[in-house]
C-alpha cells in the first residue's frame, strides 16, 4: 500500500509540474498537445483530440472522468516545496486532471476501461463540454474533476445567463444636454440589480459598461453586460423578462447560457464517491456551488453524475494556487475506489 502511494505521488509530481509549465488559458489548449501525446504513449491510452475545441480524450469505456485543461489567465511559475506544488491551475483544475489521468491509467491496468478528458474552455464558455455532448457520446457514469477540498461531493450548481444590452440615444453637447444615456441606464441598472446573497436567490450583476467617445458630448451608444445566476428552482424566463421590461428601448441578446444542474443524493456516482471517502476514513459532505462547471453541460449525456476533486476550492483563480501530493493521492484513490464499485455493479 505504501509502495503504491509513493508511486502515485512520484508520478503525480512529475506529470503535474510538466503540465503546469504549459500555459493553457482558455482557447490556448493546443499548447498541451505534446503532453497528452506523451501520456497516451506512456500509459497506453488511446488519444482523441476533438477538432472544434481542441479537447483531449484518453482511453475508452462507458465511465468518464472529466476535468479541464484550460486555466484562467496569468502564468505562475511552477515549483515544489516540501511536497506542495504551486502554479497556475494546480488547484483549478490541473491537479484534479492529473489525479484522474493516474486513476484511469491504474484502472485500465486492472482491466477496468475508463475514459478521461482534459476538456477545453471550461473557464470561458465550455466549448469542450458542449462539443463532447454533440459527438454522440453517452456514458453510464461521469465524475467531473473540480477542486472540492478532497472531501466535498458537489450535487448542485446554479445556472448562468450572459446578456448583452445595447442602448442608443441622441448625442448632445454636455454643457446643455437635456438627457444622458449613462445617467438613464445607470438608474435602470440599480433598479434591476440583484446582489448575490444566498444560493436560492437569483443574482443579476452588471459586469461591463462602455459608453461615450468625447469629453464634451453625451453618448450616442451604450453597451452593458449582465451576468445572471439562478438556482434550479428559480424561473429563468421571469428573470429575462424582468430585464427586458426594464430595458425596453434597448436591444437585448443572450450570448451564452448554461442550465442549472441538481442530482439526487441516491445517484450512483454520489453514492460511490461517498463510500470511497468513507473507506479512507474521510467524512464526505454533499454540497452545492453558486457558480457553474462542465457538470451543468455533461448532465445531458448521462443519468449518473457528480463533481469531486482534490484541491482547496478557496484557492481557485488566485495567485496562491497550490496543492499537496497527499491531496492528489487521495483524489486518485477516491476516483479508483468509486469507479471500481461502479464497474462491479454495471
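Here the Cβ of each residue, glycine as well, is placed from N, Cα and C on the backbone.
Residue 68 (Zn(2+) 1 binding site) has a Cβ environment of 31 other Cβ atoms inside 10 Å. Taken from Swiss-Prot, the feature Zn(2+) 1 binding site applies to 68, 92, 146, supported by sequence analysis.
Residue 70 (active site) carries neither a helix nor a strand DSSP state and counts as coil. Sequence-distant contacts of residue 70 (active site), defined by Cβ-Cβ distance under 8 angstroms and a gap of at least six in the same chain, are 24, 25, 26, 27, 28, 29, 119, 120, 121, 122, 123, 124, 128. According to Swiss-Prot, the active site annotation covers 70, on the basis of sequence analysis.
Annotation for residue 92 (Zn(2+) 1 binding site): same-chain Cβ neighbours under 8 Å, separated by at least 6 residues, are 71, 72, 123, 146, 147, 311, 315, 316, 317, 321. What Swiss-Prot records for 92, 123, 317 is Zn(2+) 2 binding site, and it gives sequence analysis as the kind of evidence.
Residues or ranges marked as active site, proton acceptor in Swiss-Prot (evidence: sequence analysis): 122.
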Using the recorded Zn(2+) 2 site (92, 123, 317) as reference, state which further residues of the same chain have their Cβ within 8 Å of the centre of those residues' Cβ atoms, listed in sequence order. 71, 72, 89, 93, 316
Across all chains shown, how many C-beta atoms besides its own are within 10 angstroms of the C-beta of residue 317 (Zn(2+) 2 binding site)? 13
Per DSSP (three-state), residue 92 (Zn(2+) 1 binding site) is coil
